[in-house]
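First up is the structure itself, then whatever we jot down about it.
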């Protein structure tokens, strides 16, 4: 059975339920939170049953997924209370179009088995990417205080070092900066990623530092799941703590709006892990997962 959730009341009940399952539900919780705050990306939430759902999938409306090669748009966020038994639901042809290039995002590594099994049944190849998920201490305090119990937070008080404010000016990104962001984004560098970035810049709060020429030298964006993403610094401005300052400023801006603040870092990126520690972001290992699926 497949049930699209209609109306504000159902979606608010879903958000509350997902909140009780944090951090395993974080990627879906963040997405549903923004659906309930105006739904700027025009997404839908589908469950296997209601109100006692086992699995929820959030994705764009069918009419928005017209480009079979655009996995940035063809993205599904999934949370399941029963990852071992969600394969049948995820395999419903009317739920996920496995004939498209797509990506699945989840805070649950335990979904891997179901996705790998579906790859054989539906004949697509799948590549899993796993990263460290980080939740800002203030967000953890409010949504999942138990995460802070065993964590030693940085003595910095979560604040970055000061920057040269005569040289750099705190600002927001403009849609004309999308090409620059795409060029330096690990998952970007193409026309479709640039379109996705343009949409994120137009839709959600961003943060950047403008350099002496008045153009961005360091930046941070937010995607449709509410995650801070696509941070970058021009090579000649690296190692000066600018990205720490930008991410701190962006997190403050999102926090003031009442948004949950979270991000992810590659296991090999020690500089960004150190920065996350400085800013008192709480690490949740293996909790950022993405599966890129390409039909054979």
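Cβ from N, Cα, C; glycine included.
Given the structure is predicted, the values throughout are model-derived calculations rather than measurements.
Spatially close to residue 16 (N6-acetyllysine) yet at least six residues away along the chain is no residue at all, judged by Cβ distances under 8 angstroms. The feature N6-acetyllysine is assigned by Swiss-Prot to 16 (among others), with similarity to another entry given as support.
Swiss-Prot lists 16 (among others) with the feature N6-succinyllysine, giving similarity to another entry as the kind of evidence.
The N6-acetyllysine feature in Swiss-Prot is assigned to 127 (among others). For residue 127 (N6-acetyllysine), the same-chain residues lying six or more positions away in sequence with a CB closer than 8 A to its CB are 291, 292.
Swiss-Prot lists 127 (among others) with the feature N6-succinyllysine.
Feature annotation from Swiss-Prot assigns N6-succinyllysine to 141 (among others); the stated evidence is similarity to another entry. Cβ neighbours of residue 141 (N6-succinyllysine) (same chain, under 8 Å, six or more residues apart in sequence): 148.
What Swiss-Prot lists as N6-acetyllysine is 141 (among others), and the listing cites similarity to another entry.
Sequence annotations record features per position, and here Swiss-Prot assigns N6-acetyllysine to 159 (among others). Every protein chain considered, the tally of other Cβ atoms within 10 Å of the Cβ of residue 159 (N6-acetyllysine) stands at 14.
Feature annotation from Swiss-Prot assigns N6-succinyllysine to 169 (among others). Within the same chain, residues at least six positions away from residue 169 (N6-succinyllysine) with a Cβ under 8 Å of its Cβ are 209, 210.
In three-state terms derived from DSSP, residue 183 (N6-acetyllysine) belongs to a helical segment. All protein chains shown were included, and the count of other CB atoms within 10 Å of the CB of residue 183 (N6-acetyllysine) stands at 12. Residues or ranges marked as N6-acetyllysine by Swiss-Prot: 183 (among others).
The N6-succinyllysine annotation in Swiss-Prot covers 183 (among others).
Feature annotation from Swiss-Prot assigns N6-succinyllysine to 256 (among others). For residue 256 (N6-succinyllysine), no same-chain residue lying six or more positions away in sequence has a CB closer than 8 A to its CB.
Sequence annotations record features per position, and here Swiss-Prot assigns N6-acetyllysine to 256 (among others).
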Cα distance (Å, whole number) from residue 159 (N6-acetyllysine) to residue 183 (N6-acetyllysine): 29
